[in-house]
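Lifted from Swiss-Prot, the feature list:
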- 1-18: signal peptide (SIGNAL)
- Cys19: N-palmitoyl cysteine (LIPID)
- Cys19: S-diacylglycerol cysteine (LIPID)
- Met76, Arg77, Asp98, Trp146, Leu147, His148, His149, Glu166, Val167, Asn195, Tyr259: NAD(+) binding site (BINDING)
- Tyr224, Arg247, Tyr259, Ala260, Thr261, His262, Tyr337: substrate binding site (BINDING)
Amino acid sequence: MKKIKLLLVAGACVVLSACSPQAPTVHTTDKGTQWEWNEGTIVVKSPERPAGQKSVIGLTAPKMEVVRVGFVGLGMRGPGAVSRFTHIPGTQIVALCDYDPKRAEACQNILKKASMPKAAIYSGETGYEELCKRDDIDLVYIAADWLHHFPIAKCALENGKHVAIEVPSAMNLQECWDLVNLSETTRKHCFILENCCYDWFEMNTLNMAQNGVFGEVIRAQGAYIHNLSDFWDYYWKNGENDKLGWRLEFNMRHRGDVYATHGLGPVAQVLDIHRGDRMKTLTAMDTKSVVGKGLVEAKTGSECTNFRNGDHTTTMIRTENGKVIEIQHNVMTPQPYNRLYQLTGVKGFANKYPTEGYALGADQLSASGVQPKVDNLSSHGFLPQAEMDALVEKYQHPILKKYGEIAKEVGGHGGMDFIMDSRLVYCLQNGLPLDMDVYDLAEWCALAELGEISMDNNCAAVEFPDFTRGEWNVVKGYKHAYASPEEEQASMEKAKAFTAKLKERGAKEWATEADK
């Protein structure tokens, strides 16, 4: 009898054990990201907001009559940024930093040409640390190699500086979360330098979408398709033994869309991401590496057995509100440059590459304020040139009206770089929220590691982290911020007066040096 009771108790324990919920298995990636399965979807562990820490949605800083800037990274993109800032009133270039002191010194010639005073020079692996400690810098503009974006930004934020970071601004989820937390704790801006949000077609189309020209936009595409075969040798190499350069080596070691922001940024603004909608689920798929693998073998003379980044990567995202985003990445195969930028609305369609055009029916075009000049206008084809020109003229973005002409003169990827820099300075001078915040940065840069996790698990669905921590629906609709005409005029007058005096000083300093 006693034996029977023991057997019954043991059996009951087995049943209870089998029926009790088991803790899900926690997996850890090589980047330290923890995730687990939940009903067939991968859920990445996200940190809670620490007590006392607040969101920076809509963050503003006190107005700055003058924006004092330190530039870090003066290789391929940095010098162009220095040059553009000499054309923006109310800015002062205080310091220049690069690993190679010759590159930093070379940018003094840009200042000389613009009659701007010399800047302080910093160099070496950690030269940026001293730059960030200066008390006469408001903004640190970062255009270094990808792996240095985060440590430089972290140092700048910890030293009380606003930061503007070239793309991709963060290379993994941990860096995304760290920048979110740093911006929230320091109350400093963390701006992603995504220039493609300021290109002409994208800005005008955004304005059309916000005014209902396409109806509800339910699907969007973006991409970075750019054959870099002519550029691989121009990326910085760390000594004679470095045969690949930093960018090719990063592609070799990392799977996923490592350069997603050019394609994702503009369409995320159209879809009001974390301003009424959010990216909810992601899945990614890539081809095998053929060109990338071959490049490494040609440059090293050794077999490459594990080139992680596929020659072409496609990432699909579903939003909370049932929209779909498709983002592509290909820097390997021969084909024309292409960022796709395609919007599918319930009443119209927009497409940038390879042919710019809009497709609207006659009724929708009329409802959008443009009267068709042809009979039987149909959305089966793009608008005729006259109708397209009229639509673009009606919905030309206010920012393009303000900066477009001078941007074409100054340049920088056709002018969009100058518009981006000008808007950054404008918002700082007028104490406004920036066009992109740290949550944009984190969301757009997160595609790389999230896609890698998806593909390393048979292209499984991955839940997208909510970097706003539940506040993605607080703001209704993406909007650019503007000062009142009176405030804008007062700010610009002060900016121009400062720059005029600065150039007088600079011209005297350079003349004195020439006389030595």
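The backbone N, Cα and C atoms fix where each Cβ goes, glycine too.
Positions of Swiss-Prot features highlighted on the structure.
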| residue | record | DSSP (3 states) |
| --- | --- | --- |
| Met76 | NAD(+) binding site | coil |
| Asp98 | NAD(+) binding site | strand |
| Leu147 | NAD(+) binding site | helix |
| Val167 | NAD(+) binding site | coil |
| Tyr224 | substrate binding site | strand |
| Arg247 | substrate binding site | helix |
| Tyr259 | NAD(+) binding site | coil |
| Tyr337 | substrate binding site | coil |
Subject >> Fewest Cβ neighbours within 10 Å, where candidates are the binding-site residues Met76, Leu147, Val167 >> reply: Leu147
**OP:** State, in Å as a whole number, the widest CA to CA span among the substrate-binding residues Tyr224, Arg247, Tyr259, Ala260, Thr261, His262, Tyr337 given in the record.
**Re:** 18
Original post:
Given the binding-site residues Tyr224, Arg247, Tyr337, which one's Cα is the least distant from that of Tyr259 (NAD(+) binding site)?
Top reply: Tyr224
**OP:** Note down the number of other Cβ atoms within 10 Å of the Cβ of His149 (NAD(+) binding site), including every protein chain shown.
**Re:** 25
Original post:
Between Tyr337 (substrate binding site) and Val167 (NAD(+) binding site), what is the CA-CA distance rounded to a whole number of Å?
Top reply: 18
**OP:** Provide the number of Cβ atoms within 10 Å of the Cβ of Arg247 (substrate binding site), excluding the reference atom itself.
**Re:** 20
Original post:
Taking each of the binding-site residues Tyr224, Tyr259, Tyr337 in turn and counting other Cβ atoms within 10 Å of its Cβ, which one has the fewest?
Top reply: Tyr337
Subject >> Within 10 angstroms of Val167 (NAD(+) binding site), Cα basis - binding-site residues out of Tyr224, Arg247, Ala260, Thr261, His262 >> reply: Ala260, Thr261, His262
Subject >> Integer Cα-Cα distance in angstrom, Arg247 (substrate binding site) to Met76 (NAD(+) binding site) >> reply: 12
Subject >> Among the NAD(+)-binding set Met76, Arg77, Asp98, Trp146, Leu147, His148, His149, Glu166, Val167, Asn195, Tyr259, as the record gives it, the longest Cα-Cα distance in Å >> reply: 23
Original post:
Counting only residues 6+ apart in the same chain, whose Cβ is under 8 Å from the Cβ of Thr261 (substrate binding site)?
Top reply: Val167, Pro168, Ser169, Ile192, Glu194, Cys196, Trp444, Cys445
Original post:
In whole Å, how far is Ala260 (substrate binding site) from Leu147 (NAD(+) binding site) when you measure between their Cα atoms?
Top reply: 16
Subject >> His262 (substrate binding site): tally of other CB atoms within 10 A of its CB >> reply: 25
Subject >> Long-range Cβ environment of Asp98 (NAD(+) binding site), under 8 Å and at least 6 residues apart >> reply: Val72, Gly73, Leu74, Gly75, Gly78, Ala104, Ser123, Gly127
